[in-house]
Amino acid sequence: EKWDFVLVSNIHEVGSEKEIKRKKFLDELSKKGFTIKKIEDKKLFYGVRAPKQIFRKYQWLLRNPDSRLQNPDVHHDIPVTTSFSLLRIRIVNFILQNTTTPDLEKLPDLMKKKVFEATFPLHEKEEVREFLKEKWARWRDIFCQQPIEKIRCYFGEKVALYFAWLGWYTYLLGIAAVAGLVVFVAGITVFNSSQVRFFFSCKEICEASNTIMCPLCDQKCPFWLLSDTCTYAKVTHMIDNEGTVLFAMFMAIWATVFLELWKRQRATVVTNWDLYRWDEEEEELAMGLINNLQHEPQQYQHSYFRSTIILLLVLVMIAVLIGIAHALVIYRVIATALFSQSNSEFLRDQANTMAVMTGAVLHYITIVILTKVNRHVALYLCDLEKPRTFSQRENNFTVKIFTFQFFTNFSSLIYIAFFLGRINGHPGNYVRIAGKWRLEECHPSGCITDLFIQMAIIMLLKQTISNVMEYLVPWIAHKLRKQQHPRKRSMMLGEEEEAEDPCKRQWLSNYQLNEVNTFSLFDEFLEMVIQYSFTTIFVAAFPLAPLLAFCNNLFEIRLDAIKMMRLRRRMVPRKANDIGIWLQVLEAIGILAVIGNGLVIAITSDFIPMQVYKYMYSPCMTENSTGVDCSTGYINHSLSVFRIQDFEPHTKVPEMLPDFVRDEIKECRYRDYRNADDYSYTVQFWHIFAARLAFLILFEHVALCIKLIAAWYVPDVPQSVKNQFLDRKHSSLR
C-alpha cells in the first residue's frame, strides 16, 4: 500500500483551534478525492494518496494542443520525463501547498501556526533506492562514477543536475589542481636554484645584515634588521613569481572552458531526458489547473517603488557587511599592537603573522554567523518583492544571498589584497585609528603572503570544520530522534504481541530522519559556488586553492549523497533542464576572476615593481653591465629612508637592539618609494603606478578576449544534439 505524502501533527485537544483547522484542511483534501489514512502514536500521522484522475488530467493538459482539442475524453498515456512515482509526489506536493481552507489558509500558514509539524514524501523500499544506498551513498565509492540516471529516477532532474554539475566541476578541477600544484612546487624547486634571477631579491633580503628597518609599532618594538625576515621572504617568493602570472591567465581560460563544456554536457543530458525544450512556466500553469479548474495565472507585475526600496535595503546590508570587514581590520591593527607589546619574545617577533592568523580565524567565525543572518535578510527581501512564482522567488533569493555571501567572504580579502600597506602613511605621518593605533604595514617582500595565509586558513577551516559539522549535526540529530521513539516496547509475560500496521513503522522511520526544506539543495549549490569563487578570484595569491577544492569535492559528493539517502527525509522531486540562475552567477564569477587576479598581480604582487626596476633602474640599464644580474639591488631600491629625528612628537623612540649603538642610528628604512628630504613620492613610484595600470588593462583585455574566443570555439550545444532535433523536426513534417 503506497502513500504519496505523510502529514504529521501533534495530538491537540478535541475542539481546540488547531484541531479544527487541521480537520478543515483534511476535509478540503477529501473533497478533491484524496484518500487519507490516520495512524496515532506519540504524534498523529496522516497518509494521503491522490486519485488517479489527477494524473490523467496532468497528462492531458501537457498533450499536444491539436490532439487535446480533437480527443478531450481519450486519456492515452503520454511520455513523461520522470517515473510515475516522482510525478505523483510532485503533483501532490503542489496540491498540498496550494489547497486553501474556508479560513483562506494554506498548508505553509498552518505549519507556521503549528497545526501541522511536518510534511514529507516517503523513502520507498525500491530497487533504485537500494542501488543508490549501496553503490553511491558510501565513502568507499569516492572515486567511482556517479549513477546520474538512477539519481534522477529517485530524486528528480533538479537533484540529478546538481550532482552532474558537481561531478563535472570536480573532474575539470583536477586539471586546475595539477596546474596549481606544479606552479607551487616549481616555486619551491626553482627557489633553490640561485641561477634564477627572480629570486635574487630574496637572496638580497637574507644577506641584508646591515639594513636597519623602522620599528613596527610605537612602544616596545625595536629597530630590526631586514635579514631577520629571510624565512618570510622565502615563502613570499615561492608564491610571488612569474609562474603566478601564467597560472592566473590559465585559470581565467579554465573557468571559461569549464562553463562551456558544462553547457555541452547539460545539453546532452537533458536531451536524453527529453527535457531540452521543457517549459517551466507551462508546467506551473498545468499544476495550477489540476489543483483548481478555475485557476487564473498570476499576471506579471513590476513596481519601481518596491524595486527601489529593495535596492536601498540591499545596499544598506552590503554597507553593514563592509563595516564588519572594517571591524576585522581594526582587530588586526589592535592585535598587532598588543602582540608587539607582549612579554613573550616570540609574540613580539611574529606580531604581524599572529595578527593575520587570528584575524583569519575570526573572519571564518564571522562567515559562519553571517551566513545565517544573510539567509534571513534575503528571505525577508524576497517576501517584500512578492515574486510571481516559486522559480522567480528562488532566482531572486539566489542573487541576494550570493551577493551578501560574496561580501561576507571576500571583503576582508579585498582589503588585504588591495589596501593593506597602501593607506597606512609613512614613519612620521602614520594613518591611525582613533588617533592611537596605526594601520598595518606590508612586509618588505610584499603583502601577498598575508593574502595567502588568510585564504589558506579560511579554505582549510571551511573544508574541515564545516564539512565535519555538516555530517555530524544531522547524524547526531537523527540518532537522538530515534531514541525518542523506541521501536518496540518490552512485552509482559503472557501478553500477546499486537499486530503492528506496516505503514506505522515506515512513516515513523521517515519522520525520525532530518527535515528537508525548499532550500536544502540550494544550500549545497551555494556552498560549491562560494568555493568556486575562492578557487578562481584570488587564485594568483593561492595556487593550491584548486587542489584543496578538488580534495574537498571528492568527499562532498559522497557526503551529500549520504545525507540525502540515509540522514534526511526524501526531497520533493522537481523538474529542471539546467542549473538555473547559478549559471549566470558562475559566469559573473569568471569575469570577477579575471579582474581579481589582474589586480592581485598588478597591485599585491611585486611582479610589476620588479619588472620596472629591471628595465629602468637596474645595473643592466644604468651601467651597461652584462655580468651583473638585473635584479641586483631591487630590495634596496624599493626601501625609502626615514630620519629618526622626524618621528612624531608623541611617538616614543623605541629601545635599540643590543648590537646597535643608539647614537649611531640616524635613519631607518621602510617599504615605499619616497624622497628622503620631504617624503614625497619619487618618480619611480609614478613609473610603477603607470606600469601597474598598463598591465592591469592589458591583462584583463587579453584574458577577456581569450575567454570570448574560448566561448566561441566551444559550442554550447553538441552537433549530435542539434542533429537529433533536426531529425525530429523532419520526422514530424513527414
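Residue 1 is the first one shown; counting continues down the chain.
Note: Cβ is positioned from N, Cα and C throughout, glycine not excepted.
Since we're looking at a predicted model, the values are computed, not measured.
Record features, source TrEMBL:
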- 87-148: domain 'Anoctamin dimerisation' (DOMAIN)
- 151-724: domain 'Anoctamin transmembrane' (DOMAIN)
- 159-191: transmembrane segment (TRANSMEM)
- 244-262: transmembrane segment (TRANSMEM)
- 309-334: transmembrane segment (TRANSMEM)
- 354-371: transmembrane segment (TRANSMEM)
- 397-420: transmembrane segment (TRANSMEM)
- 529-555: transmembrane segment (TRANSMEM)
- 576-603: transmembrane segment (TRANSMEM)
- 689-714: transmembrane segment (TRANSMEM)
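Between the transmembrane segment (576-603) and the stretches 244-262, 309-334, 397-420, it is 244-262 that has the most C-beta pairs under 8 angstroms. Mapped onto DSSP classes, the domain 'Anoctamin dimerisation' (87-148) shows 31 helix, 3 strand, 28 coil. The recorded stretches the transmembrane segment (397-420) and the transmembrane segment (309-334) share 3+ CB pairs below 8 A when only pairs 6 or more apart in sequence are counted, and are therefore in contact.
Recorded stretches compared: 159-191, 309-334, 354-371, 689-714; the one with the most Cβ pairs under 8 Å to the transmembrane segment (529-555) is 159-191. Take the transmembrane segment (689-714) and the stretches 159-191, 244-262, 309-334, 354-371: counting Cβ pairs under 8 Å, 244-262 has the most.
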